[in-house]
Amino acid sequence: MAEHESLEYGKADFVLLDNVSMEEFMANLKLRFEKGRIYSYIGEVVVSVNPYRAMNIYGRDTIEQYKGRELYERPPHLFAIADAAYKAMKRRSKDTCIVISGESGAGKTEASKYIMQYIAAITNPNQRAEVERVKNMLLKSNCVLEAFGNAKTNRNDNSSRFGKYMDINFDFKGDPIGGHINNYLLEKSRVIFQQEGERSFHSFYQLLRGAPDSLLRSLHIQKDPKGYNYIKVGGQIKSCINDSADFKAVADAMKVIGFTGDEIQTVYKIVATILHLGNLTFGVDGDVTLIENSKLVSVIKDLLSTKEENVQKALLYRTVATGRDIIEKQHTEQEASYGRDALAKAMYERLFCWIVGRINDIIEVKNYNANVHGKNTVIGVLDIYGFEIFQNNSFEQFCINYCNEKLQQLFIQLVLKQEQEEYQREGIPWKHIDYFNNQIIVDLVEQQHKGIFSVLDEACMNVGKVTDEVFLQGLNGKLAKHAHYTSRKCPLCINHPSFTCRYSVVGFIDKNKDTLFQDFKRLLYNSSNPVLKGMWPEGKLSITEVTKRPLTAATLFKNSMISLVENLACKEPYYVRCIKPNDVKSPLLFEQERCRHQVEYLGLLENVRVRRAGFAYRQTYPRFLQRYKMISEFTWPNHDLASDKAAVKSLLQVCGFDHDVAYGKTKVFIRTPRTLFCLEEQRAEMVQRIVLFLQKVWRGTIARMRYRRMRAALIILRAYRRYKVKSYIREVNRRFKNVKSMKDYGRHVKWPTPPKVLRNLHNVFLALLFRCIITSIALWSDMSAVFIEAKVASLEALKGQRADLGLQRAWEGNYLKRDRPDTAASFTLVSSELQRKDKFMRVLFSCNVRKINRFHKAEDRAVLITDRHLYKMDPLKQYKPMKSIPLYNVTGVSVSPGKDQLVVFHTKDSRDLVVCLQGMVPANESRIGELVGTLLSHFKRKLQVNIASPIQCSMNGRKCTVIVEPKINQSQPDFTKSRSGYILAVPGN
């Protein structure tokens with residue numbers, strides 16, 4: 001089972017379906033597509049559904065997740081199949097291949113790119129320059145081949161119009177050292193004709209829209225594709241393809257691969273020549289055929305580096321040798337047009353084959369000696385067209401569908417063969433499987449003397465005028481009784497296993513002959529351009545030389561398919577089956593019938609049946625045990641049985657699944673998916689408990705480690721501080737030990753530098769001591785540790801910003817008892833009750849105040865500040881508590897720089913308390929310094945203290961300002977309302 005794939009995404013492997021039916025298969029495929037899971041498995045086959053949107057599942061992080069992992073360790077992905085092929089190649093020195101199939105628009109080309117990207121990413125860990133160069137060229141070759149071999153069709157904006165098989169060669173370390181590309185059946189008819197809504201090959205539009213003006217002028221062409229007959233249908237289509245950017249990318253790729261400047265220039269010239277050929281028109285003057293726009297002949301001769309008269313002669317005449325006599329036969333208008341089109345198609349096909357050959361020359365393995373360098377292994381990647389069924393199916397579709405039948409036959413054979421071999425290897429009885437053997441379809445096409453290709457070749461070899469109707473009659477004569485062949489007049493019908501396709505035989509003869517007059521070959525061979533000359537070596541033959549009849553297109557294609565299948569059969573195959581979800585390129589639409597048809601002709605359901613013939617799931621004993629051992633107490637955490645096989649048997653017996661499994665030599669086989677899902681459910685339950693246990697243990701370990709580190713650091717810190725303080729005290733004692741005997745009583749003695757921990761206290765203490773000395777005040781009467789710290793804190797916060805801090809007097813803190821002795825008993829009673837109720841330890845400060853209430857009125861109150869709360873009390877009601885503010889809710893205090901006793905307590909809920917201390921005895925006593933110092937001491941210096949005028953505050957969430965104004969006739973401080981807030985009027989004298 002693939003990890004991290006819950007059943008809400010459907011079954012990651014179709015083999016695990018409860019019932020193998022088309023309905024269940026389609027329902028699971030649709031569910032996974034809708035949930036964004038575009039990849040699934042059928043055993044070791046990847047089923048890929050084109051998402052028609054960019055997906056973030058191909059980056060470096062994803063590559064690392066699949067690197068070196070087994071196929072079922074991660075969710076289904078192209079990278080998993082690529083890694084499996086790479087591991088088989090590297091570990092077992094076995095040649096492998098990845099066969100990618102599906103119809104146009106199903107995502108085959110993108111799949112091959114991602115597979116190449118993955119292989120490039122996981123190889124060459126030592127970053128050898130030569131290997132990096134080979135990897136870069138292999139990746140860049142895709143860009144060039146797509147430009148010259150792909151086109152926009154109604155089904156796909158980047159449809160491959162050729163088949164491609166690439167062999168990547170690896171050295172004994174598993175690094176790529178070269179490669180080889182084979183191409184199959186380029187759709188060259190697209191050069192001269194395209195269906196409505198389609199384009200010709202990308203290369204034409206890239207040249208016109210991306211080439212610089214200087215290059216276009218040298219090629220005598222203009223930017224508008226609608227000016228060229230061969231491509232004007234596609235030139236009118238609005239497309240999202242960026243031809244200009246693609247031109248630059250292809251040009252850069254060709255340079256990276258190693259094309260020379262002359263070679264690249266020749267490529268552009270050939271493409272331009274084909275465009276000009278399409279604009280050539282022929283007319284008739286009596287019995288003479290003429291070129292109507294003869295100026296183009298001059299352009300073509302410049303591009304082909306040949307003579308103008310030779311070009312004109314090749315277009316209008318055909319040279320025929322009869323014995324020793326040579327006859328020049330003039331073309332009819334129709335023959336001239338046919339020859340022009342044949343030349344355009346042949347030039348483009350020859351150009352494409354030359355590009356493939358040139359890439360092969362550059363990337364092929366050179367100077368490799370197996371005895372010296374070790375065995376050279378191969379991974380092949382086959383990206384080839386899928387079944388094509390259009391309204392009008394012709395020779396190309398017939399060849400393509402034959403190719404797919406051939407590959408489908410190989411697929412079924414190899415899958416069956418692999419299954420049978422595995423059962424025999426493991427000692428499990430093999431059960432015969434019924435399936436459709438499409439060898440009968442393959443024989444219908446390729447069988448010697450009786451197959452359709454043979455009948456077609458015979459028709460082409462007949463003397464005299466042979467028509468498509470004659471060919472059809474020959475088919476009817478030999479194949480009329482064949483179960484998979486029917487014909488009605490022109491259509492030729494082949495009954496494929498999952499569909500019937502009708503082919504129009506019109507053009508079969510001409511396309512099979514693929515005639516190109518020898519005059520054109522001699523014309524191009526005699527070019528002064530060495531690159532162009534090298535593309536046409538057969539042009540060197542003289543007119544009278546007798547040559548063998550060239551092989552027909554059908555025979556060439558059949559031979560190449562037979563060779564391809566033989567090549568694939570000797571490798572270990574891996575498969576990617578691509579499915580197109582809809583025809584409108586929507587990322588949301590899943591067309592049931594459209595996908596069902598593809599599932600049928602790709603034989604995916606048969607694949608599931610083959611895989612499910614006996615057992616739905618199989619796994620090696622060590623890996624099975626590694627995944628499920630936590631289910632049984634006999635196997636967790638490690639078993640002590642004789643072997644892993646015995647441990648697996650014990651585990652399955654405990655779970656009650658022994659009746660549904662078979663035990664091979666190295667693998668356990670599970671018959672039904674239900675057993676596997678039950679195992680997964682038990683595993684998921686146990687994994688959760690194991691994870692919680694591991695988290696608990698690990699968190700405890702981390703906490704203990706953190707505690708030990710913190711404790712060790714604290715011990716070291718405390719010891720170091722004690723050492724520094726003791727050293728400082730010893731040094732002070734040493735320096736001032738004999739000051740009484742000194743004349744100046746030690747005034748000249750320099751104080752030692754205090755340690756950092758004492759520096760602030762040292763400076764403040766000296767300043768305080770100096771002030772006390774010069775003012776001759778007895779400071780020591782109240783110098784308990786608490787008040788010393790408070791005075792030091794007050795001096796630090798307010799020094800130089802307020803005139804009178806009250807440092808010269810003794811600080812009492814709780815002043816309500818002293819200021820009003822007559823009510824002291826009531827206050828003491830209320831204070832004791834509050835202490836019992838709120839459990840505070842100490843009174844920090846108390847005093848009578850004038851405050852502003854919530855109705856913006858001034859009133860007399862008292863404040864009591866303890867180590868837990870700030871209480872507001874009513875002195876007229878025996879100090880009844882009115883409201884309390886938790887001290888942790890106080891965020892700061894603000895005071896003015898004057899002599900007034902204004903203080904604002906700022907709170908977290910923006911309901912600040914604005915008060916003015918009053919009722920002091922004596923009347924002129926300043927207590928602001930004491931209040932600030934006491935609060936700072938309690939808050940360990942972490943309270944914000946602001947000295948400002950005016951003071952900004954917040955009353956019930958509203959911002960306001962408190963201004964202090966002295967008034968001559970004011971006897972007591974009092975608050976009044978103002979436009980911006982409040983005014984505290986204080987006596988002016």
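Each residue, glycine too, has its Cβ placed from N, Cα and C.
Heads up, TrEMBL stuff is auto-annotated, nobody curated it.
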Region 'Actin-binding' per TrEMBL: which of the ranges 239-261, 262-284, 561-583 is that?
561-583
Within-chain partners of the region 'Actin-binding' (561-583) [C-beta distance under 8 Å, separation at least 6 from its ends]:
29, 33, 42, 44-50, 52, 78, 81, 84-85, 88, 94-108, 111, 115, 155, 165, 182, 184, 378, 380, 382, 386, 402-403, 406-407, 410-411, 414, 446, 589-591, 594-595, 598-599, 602, 604
What are the sequence-distant neighbours of G105 (ATP binding site), meaning same chain, six or more residues apart, C-beta distance under 8 angstroms?
N50, T153, R155, N156, S159, K580, D583, K585
Counts by DSSP class (helix H/G/I, strand E/B, coil) across the region 'Actin-binding' (561-583):
9 helix, 8 strand, 6 coil
My understanding is the cutoff is Cβ-Cβ under 8 Å with a sequence separation of 6 or more in the same chain; which residues meet that for G102 (ATP binding site)?
S48, K108, G386, R577, C578, I579, K580, Q598, L602
When you average the Cβ positions of G102, E103, S104, G105, A106, G107, K108, T109 for the ATP site, which other residues in that chain have a Cβ within 8 Å of that mean position?
N50, N156, S159, G386, C578, K580
I'd like to know the mean pLDDT over the region 'Actin-binding' (561-583).
87
T109 (ATP binding site) CB neighbourhood, other CB atoms within 10 A:
22
